[in-house]
Ligand SMILES: Nc1ccn([C@@H]2O[C@H](COP(=O)(O)O)[C@@H](O)[C@H]2O)c(=O)n1
Ligand SMILES: C[C@@]1(CO)OP(=O)(O)OP(=O)(O)OC[C@H]1O
């Protein structure tokens, strides 16, 4: 029987606007593109949504609380490193990932060729198997800020499990 107190879900959402540049970091992959992300870190919108889903599930707040965008430590940060740090926080609370499912909302670039590399990169950074990580992409049918090509959004949900304490 599933103990409801040993399972939690978390949700994450993030947006980054474009600025001049020649690549995007999404899901731990460097994707050549005609724009870059405006951000304090590398702007990896998908990893940020996943970090927030993990932190949310564990009741640990959000990414900005742990890695403030006012702190120069995180300037240009590799978001795979932020994810590793989030996983350590989860482990300290006894939480481990069951699975994460995420959606990137982008009119462009075409992300289908990057889905498998993103799953592999996210899984490697989190210390998970690729099967625990699902990534999807959708356009917003040219509607809204993503549809106008002003930026990219990502959403993620994560399920966490806590092993019962021995004592
Ligand atoms: N940036 C994107 C957006 C979508 N895809 C793939 O295209 C499929 C259809 O997208 P719709 O927005 O028309 O539903 C979607 O299911 C993705 O497989 C993509 O590769 N990159
Ligand atoms: C990742 C952090 C790191 O300072 O900054 P940004 O790259 O600006 O990303 P955002 O999702 O806007 O805020 C979260 C911050 O923790």
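Keep in mind that glycine also has a Cβ here, set from the backbone N, Cα and C atoms.
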Going by TrEMBL, 14, 16 bind divalent metal cation; tell me which of 48, 66 is listed for that site too.
48
Fill in the CA-CA distance, residue 48 (divalent metal cation binding site) to residue 14 (4-CDP-2-C-methyl-D-erythritol 2-phosphate binding site), as an integer in Å.
6
Report, as a single number, how many Cβ atoms besides its own are within 10 Å of the Cβ of residue 14 (4-CDP-2-C-methyl-D-erythritol 2-phosphate binding site).
22
I need the CA-to-CA distance for residue 14 (4-CDP-2-C-methyl-D-erythritol 2-phosphate binding site) versus residue 139 (site 'Transition state stabilizer'), whole Å please.
16
Excluding 14, 16, 48, please set out which residues of the same chain place their CB within 8 Å of the center of the CB atoms of the divalent metal cation site, keeping sequence order.
15, 39, 43, 44, 45, 46, 47, 49, 153, 154
To the nearest whole angstrom, state the Cα distance for the pair residue 139 (site 'Transition state stabilizer') and residue 63 (4-CDP-2-C-methyl-D-erythritol 2-phosphate binding site).
25
